[in-house]
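According to TrEMBL, the feature signal peptide maps to 1-23. Marked as repeat 'TPR' by TrEMBL: 86-119, 206-239, 295-328, 415-448, 455-488, 495-528, 535-568. The annotation domain 'CHAT' is assigned in TrEMBL to 787-1068.
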């Protein structure tokens, strides 16, 4: 806005533009002031007064000038000289404008305009319209200002007065700018520029180019603004304004010029110059006590510091700017400052503080309904929550981000949201879901030809494929990622790609190549001062040197990486760094140091899991990535003869997600919270107490791997099997078995031995019970040898510690592939099966036994009766695809299962649900009321995710006829016992948390005892075994003994273990 009080020069210029020259006055007028009162003489007198007023104005005699023009006006009116009258009116309006008397000024200008229009006095019209526009501009009435200037523009074009047209366009542009009507303002200025160039008006060109840069920048079109900023005349204009302001000692204009120059340098990417001018602008604002501009430029200064990675300075400026913006209630500047603070703290790797400011920014954005800002903030929040290890919140914000992006059809934001989601799921170990998100993101990026987003997706896909051990695909994606980063000269992503490529080469045993890539990445990280990348790369170097057996260098690099991870509070770095450093220290014999580092690492991992709340799936997934630290610490403790502490760690490293889930549900079901346990850190005394409570001998296994140098290469193989035995009285004994001969002499592993043992007895896994090839062809000699070999490894080391009474309970706590072992069928040197000497149960962990015991207390114990029983046999089978992508087919009918259900129902005096009666809807409705549940049908197991394992029932309505582990997990059951008389119901995905499948879901749903199968069971022997089991259960409430006797009876008729050893009891025996 222009100054309201016009300068003297401006006044004179305006008056001269419409006043008549006095050179044409008659000589008489010039010779004498006493004239005869003829019309000609009176006109001469009026003309003289008009000129006299101008001269008085030039000598600052304002009141005298006013008096002269008033007299002239009277004469012009008296002699009806309309042109003279119009001129006098304009002069009077102008003098009143100088006096700041807008009302009088408008009155005179309007009168002049009316006369000028009536008589087609075009110059007078231009002057009057321009003056009226100027007055309304000073009053802030931009609508009227524009109205007058548009009329003025029309007149200037009509008479082809290019100078007047140019001036009018300038005034119009400024009025449009005041209304933030940037398109119209820019159009006016561009026309102004064209005229200036035609008139070869260099000053006009300067003004136009400089102003267009400012206007385009203000409109948000920064690319176009930069085009104008780069014009030499534009910067000359800004500098000239600054020089003039300083010469005139006009601090206001000087401040404005400095601010504009700062913005120009900022837009041109000259951050050093921008910061210099911003700081000077802020200094003047403080001097002038101009809070608004001080806050405005503090925000800009913070952003400039952010762009050059001076995060601390950015924080300092933005915090001061935020205080002022809040004081002035300037929400736009608050948003800028909050964003700078969020991004700066993120740059400082202080994600907690970054998150704090992003949350405030989100609240402000939502309050102001600024969706475009909100979408970016949601992305930032998702990233910071992920970096903090709060994965549930990270997913929540990424999903909200994606929802809005889809609603707005914003493809770039969709790609970013999908990338964020994929990254979180990758951190959680849910690689299938991660890959799906990243592939969708990549597809969008390629569709919209966004090479930056394409690079991000390629990099993330490389990570996901690396984590599922598909190194060929990982290498391909990483190389594409690197190529794009180098093409774009994106040093940060180049560094990340090099580090990730190093990981692949490390994993495929090309350690020297890996180290070369890591060193290149490290150099970039240090050049860019990218602490996160530096920390990751240092730890990757440590990992490579562990693989090479150079533990000194491994320790050196890992310690540096761990130090940086702690400095920036990077949880994943602290966790992996502690794991690798602990391993390297162990290998060099520094046991006490290794123990401390590993204990710290476990605390980091467990704090991450606690941040997942009650999300069981995420806890299971993330535990798989964290599980390696527990066996390393066990090795360290065993090496120090701390066998009991090693047992505590072995127990602490299994079924943590299941324990969280069970504990939560038991607590929710009991208002007194008496079931609440401190299961985060199992103590020896607690484990001994559980053994006493169970009146059982507990056997916990832990498979230990180690590094070995074979043919000059470091390789990881199974080394030992740790075994702890806790007797009912609480006595704890540690033993171990040597696993090295399996791969050194037998070309096998423990996992392979388990598989071949199962195969040799004819135990196979097919989709359905009763299928043609359910039972493989048993190989009796091979079966005998394999079962004996397993007995040697698993039982012989502890045989002397097992109870002599065959009715005493022995509970095995398996790990990894040992979950698939048919313990009942293991044979000693004399050919006796283990079930012949012992009553056997299994459990995912010792502490799970404690919680299943408490579940039993909740459900109570009573003799089995028909009225409390739900028995299902041979439903009308659903249609399912045997494999993904194949055509669904109806599962085959199971007449044997129907006979089994009828026989058990007859025994228990109840009615079974057979065929069409066994609908999924009916079963789900009746499950919570039943105390004993027997399901004789097909079982489907899912060894990829586990939760898609299911029980086949009759489809009805919207129900598909497959009751999955995931659906069971949502039920609240009160059953004392569930028997899954189907194929592979004890199987699922084997994870660090145990077997994820039907048995786990049933226990989580509240069932203390679950009887499941380890392979595809044959129809007829299974029917016999189940009938025997229930007959035994009617005589004794001991489920484990009932199962043992049923197995022994079935064994007599069907001696092959495949016919009687498939079932295992998990949880409570009684």
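Cβ coordinates are placed from backbone N, Cα and C, and glycine is handled just like the others.
Curation plays no part in TrEMBL annotations; they are all automatic predictions.
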Secondary structure composition of the repeat 'TPR' (415-448) [DSSP: H/G/I, E/B, coil]: 31 helix, 0 strand, 3 coil
Tertiary contacts of the repeat 'TPR' (455-488), as residues 6+ beyond its ends and Cβ separation under 8 Å: 415, 419, 422-423, 426, 429, 431, 434-435, 438-439, 441-442, 445, 494, 496-498, 500-501, 503-504, 507-508, 625
Sequence-remote partners of the repeat 'TPR' (535-568) [C-beta within less than 8 Å, at least six residues beyond its ends]: 348-350, 495, 499, 502-503, 506, 509, 511, 514-515, 518-519, 521-522, 525, 574, 576-578, 580-581, 583-585, 587-588, 707, 709, 714
Tertiary contacts of the repeat 'TPR' (295-328), as residues 6+ beyond its ends and Cβ separation under 8 Å: 259, 262-263, 266, 271-272, 274-275, 278-279, 281-282, 285, 334, 336-338, 340-341, 343-345, 347-348, 528-529
The repeat 'TPR' (455-488) - residue tally per DSSP class, helix then strand then coil: 30 helix, 0 strand, 4 coil
Residues in the repeat 'TPR' (535-568) grouped by DSSP into helix, strand and remaining coil: 30 helix, 0 strand, 4 coil
Arithmetic mean of per-residue pLDDT over the domain 'CHAT' (787-1068): 86
Per-state residue totals over the repeat 'TPR' (495-528) - DSSP helix, strand, coil: 31 helix, 0 strand, 3 coil
Summary of DSSP states over the repeat 'TPR' (206-239), given as helix, strand and coil counts: 30 helix, 0 strand, 4 coil
